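J.: Take a look at what Swiss-Prot says about it:
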type	residues	note
ACT_SITE	298	active site
ACT_SITE	372	active site
BINDING	286, 291, 309, 370	Zn(2+) 2 binding site
BINDING	291, 368, 370	Zn(2+) 1 binding site
C-alpha cells in the first residue's frame, strides 16, 4: 500500500510541471464554450483592459453595468465572475487592478498586483469548472502573469475522491493563452518555470515525513531532474554516512545518528557558465526531513508542521531546477545535508560535545537547535569550492517568526553589496527579505560554554541573530555569505490570492532571480 502511494506521488510530481500549457491564440485543444473562461482587468476608475473593453462593447455595456451593481470596485484582489456573456464566452472573471496611473508604486507592488489579480481570476474560474483560460495580456507583465496563474493552481493532498482512490492533488489540466499574444512569449515561459520550481518545493515541503525520508528526498529530486541529469546539464552526487564521517562532520553526524533513517548529503552541480565550474554560487539548504526536537523534544502541538523543516533544502534544489531549466549562464552548486532529528538511545544528549569539520568543539545545550549543527558542517564544506557567494537557506529559528511574521524572511550578511542584490531579487519575486543585524556581540553569546569553543543555544534573547552568529563561525574569512532564516515564511496560515494556505516554497524564485542577476 505504501509503495502504491509513493508511486502515485512520483506520478504527481512528474505531472505537476504540465498543469498549464502555453498555446497560441485560437489553438486551444478540446475546448468547448462550457469550459472556456476569460480573465480581464478593471481599474478603480472603471476602465477595462482592452479585452474587457471589447467584451463590454460587444455586450452593450453589460460588463460595466454588472460591475456597478456589484461590490467590486476595481481594487486589487476584487473579482467578479459573469456567465453567458456572449454565445462564445460562457464565463468572464473581472479582476481588480487598483489605480491605473500610480507613479508611487514600487517594483514589488507592481509585480505583486499582477500576480494577485491573475491568481484571483484563475482560482475563481477554476472553481466554476473553466479549464481553457484566455487572459488579457494587458493586465500585467507576462512573467508575473504566468507566476500568478501557475502558483494559484497548486493544491496538494492525499484525500480520496468519489472513486475511493487516493489522489495527491485535485489539480486539473488547465490550458492558458494570452490575448493578444505578447511579443515577450519568452517572459511567460520564464514565469512558468519559476512557478513550477516553487511548486516543486511546495510538494517536497507538504509531503509527510513518512513519505519523505532523506532517501525519498533524493529520489524525488532525481525524478524531477531526470531530463536535466540525463542530458548532462546537472550533475547529482549523493554522499552516504561513511563519507560524512571521513569529512569529520561531527555536528551533522551528531544529529543524524539519532534516527533509524540513513542520512544523505546531496550535491547538485550546474555548470552553465563554464565547464570547470569556477566562480560558482553555492546554495546550502537545511534538510531536516522531520524535526521532533530530539531529546529536547518539542511540544506535541503543531509538531506535524515539522515535516517542512527541510524547507531550506527544498527551495535550494528547486532553485537549481529552475536555473538549469532556464539555461542561465551561471555556475551553481547546491548542498543539502539531509537527516531526521529524533530521540533514541543513539541520539545526542544535552551536554554532549561535538567536533565540527573545521575542528571547533560545540557543546549541545539544546538538541532542538540542530539545524545550525548540520549547516555548520555543510557551510565549511561549501567554502572549499571558493565560490563567489554562499547563501544558506534554513527554517532555523522560531525567533525570526516572532520578529518578522509570515511576510518577510530574515537576511543576515556582513556584505552590503550582497544584501543589495538579495533585497532587489526579493522585491522582484515578491518574496520579501528584511536585513537583520549580524554583529560580533551575538557571536559572543554563542561562546559561553565552559567546556567547548561554542554552545549551540544561547537562550531566548536575540535567538535568530545568535543562530546566524553561530553559522558565521564556519565561514572562512573574506567569503561573501548570507544566511536566510525562512522559518516565518515556511508556511501560510491563510489562503492568499495566489499562494494557498500551507507550505509556501519561499524563497525559491528569489534564489533563481539571484542566479540570473549573477550570470557571467
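Don't overthink the numbers, they just go from 1 along the chain as shown.
The backbone N, Cα and C atoms fix where each Cβ goes, and this holds for glycine too.
These figures come from a predicted structure and were not determined experimentally.
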J.: Filter the recorded positions 298, 368, 372 down to the ones within 10 angstroms of residue 291 (Zn(2+) 2 binding site), Cα to Cα, kept in sequence order.
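T.: The recorded positions passing the 10 Å Cα test are 298, 368.
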J.: Sort the recorded positions 286, 298, 309 by C-alpha distance from residue 368 (Zn(2+) 1 binding site) and give me just the closest.
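T.: Closest candidate to residue 368 (Zn(2+) 1 binding site), judged by Cα separation, is 298.
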J.: When DSSP states are folded down to helix, strand and coil, where does residue 291 (Zn(2+) 2 binding site) land?
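T.: Once the DSSP labels are grouped into three classes, residue 291 (Zn(2+) 2 binding site) ends up as strand.
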J.: Over all shown protein chains, what is the count of other CB atoms within 10 A of the CB belonging to residue 372 (active site)?
T.: 28
J.: Pick out which of the binding-site residues 291, 309, 368, 370 has the most other Cβ atoms within 10 Å of its own Cβ.
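T.: Result of the Cβ crowding comparison: 370.
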J.: Which one of the recorded positions (286, 298) has its C-beta surrounded by the most other C-beta atoms within 10 angstroms?
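T.: Result for the most crowded candidate: 286.
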J.: Where residue 286 (Zn(2+) 2 binding site) and residue 372 (active site) are concerned, what is their Cα separation in Å, rounded?
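T.: With distance taken Cα to Cα, residue 372 (active site) is 8 Å from residue 286 (Zn(2+) 2 binding site).
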J.: Reported as an integer number of Å, what is the Cα distance between residue 370 (Zn(2+) 2 binding site) and residue 298 (active site)?
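T.: Their Cα atoms are separated by 12 Å.
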J.: Reported as an integer number of Å, what is the Cα distance between residue 309 (Zn(2+) 2 binding site) and residue 372 (active site)?
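T.: Given the Cα positions, residue 309 (Zn(2+) 2 binding site) is 12 Å from residue 372 (active site).
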